[in-house]
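Listed in Swiss-Prot:
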ACT_SITE  Glu96  active site, proton acceptor
ACT_SITE  Cys345  active site, S-methylcysteine intermediate
BINDING   Cys116, Cys120, Cys123  [4Fe-4S] cluster binding site
BINDING   Gly170, Glu171, Ser202, Ser224, Ile225, His226, Asn302  S-adenosyl-L-methionine binding site
DISULFID  Cys109-Cys345  disulfide bond
DOMAIN    102-340  domain 'Radical SAM core'
Amino acid sequence: MSDVSGKVNLLNFDHKSMREYLESIGEKPFRADQIMKWIYHFGYSDFEQMTNINKKLREKLQRNCIISAPDISEKQVSEDGTIKYALKLEGGQEVETVWIPENDRATLCVSSQVGCALECTFCATAQQGFNRNLSMAEIIGQVWRVANDIGATRIAGTRPITNIVMMGMGEPLLNMKNLIPALDTMLNDLGYGLSKRRVTVSTSGVVPALDMLKAKIDCALAISIHAPNNKLRDELVPINKKYPLEDFIAAAGRYIEGSKANKQATIEYVMLDHVNDSTDQAHELAHALKGLPSKINLIPFNPYPGSPYSRSSNSRIDRFDKVLQSYGLTVITRRTRGEDIDAACGQLAGDVFDRTKRSVINAAKNAEISSLKNQPKADTISIKVV
């Protein structure tokens, strides 16, 4: 829970653990409620600004605690108003977060990991490989940092963050330990107070974790399918070899059963030209989804350097859409946002990968140089930078 300063980062606590921490240092648990309001409603990180907390406690917090979110290392604004943030983490790694304003809402796309281990062949993040899970502070800190940057605290009263989607870098369900308390803070009235239907977790098919999520928290669900059968999905989404499509769809059905956040699951389907976009495949997809209450988001593929795929033509997308609608399915073709700054779906990584890789290599070199200085002269040391 501590950062490099040795202080406890309060962004690593949800409401329950914040109360437990305050009790552990001899304070009344209601103080946690006050502190959370200052952090998330006002966007404060300075304990001296928390004026309804007595001076003695403020001084104790100042000595032992910190409110630390990832810093903005780069900010790019798209022609359509979308903003992509590169946020710097401890250790020099970076993740990307995207704020997408629309007429009646503003959605924040949040990352859960540095890189991703699932190796989906059409996704830029997957090409980066997996580095590590984000801490709770690094997940909720993305929301806190962007909210402060755009002035979207409750007190400011400006354009708020109305929706959060866990659709950034990484597979959220492979970081359950830190995802759950972060989601709780997004939903809790002492945190961001969003409704269950406005916080969405997207998964590519970690079936056991999806069942665990149901037992832990109720929020909106999006499932990334991208293929109508196991043969093609094995190629596009390799985790399908472990958890086949029919098991994934069944798990989604179990999740939305009894859910107050979901009347239906959102199906994410990236449109790859002449790969998964034929009318025959549309029929096959409709049959695969039979029995699952769902709406389908068709996502035009967003190209990135080195990708072997192309975006489906509008005519192929339209034909695919019409076939699905003929089965009575609700279908939406997602409008691509932030493409000019590589902030669109499937594009997150880019320069962040290059900077992260350089920072890791430099850190490794510095560590090896330091160890060399501390070794006896007679020793022979082999240095290998990965």
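Quick reminder: no glycine exception, Cβ is built from N, Cα and C everywhere.
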Segment-level pLDDT (mean, integer) for the domain 'Radical SAM core' (102-340): 94
Closest of Cys109, Cys116, Cys120 to Ser224 (S-adenosyl-L-methionine binding site), Cα positions, recorded positions only: Cys120
Proximal but sequence-remote residues of the same chain as Gly170 (S-adenosyl-L-methionine binding site) (Cβ under 8 Å, at least 6 apart): Ser111, Ser112, Gln113, Val114, Gly115, Cys116, Thr125, Asn133, Leu134
Integer Cα-Cα distance in angstrom, Ser202 (S-adenosyl-L-methionine binding site) to Cys109 (disulfide bond): 11
Cβ neighbours within the same chain of His226 (S-adenosyl-L-methionine binding site) - under 8 Å, at least six residues apart: Cys120, Phe122, Arg233, Leu236, Val237, Glu268, Tyr269, Val270, Asn276
Spatial neighbours of Cys123 ([4Fe-4S] cluster binding site), counting only the recorded positions Glu96, Glu171, Asn302 and Cα distances within 10 Å: Asn302
From Cys109, Glu171, Ile225, Asn302, the recorded positions whose CA lies within 10 Å of that of the residue listed as 'active site, proton acceptor': Cys109
Cβ packing number for Cys123 ([4Fe-4S] cluster binding site), 10 Å threshold: 26
Nonlocal residues around Cys109 (disulfide bond), in sequence order (Cβ under 8 Å, 6 or more apart): Thr97, Val98, Trp99, Ile100, Val165, Met167, Gly168
Lowest local Cβ density among Cys116, Cys120, Ile225, which the record lists as binding-site residues, within 10 Å: Cys120
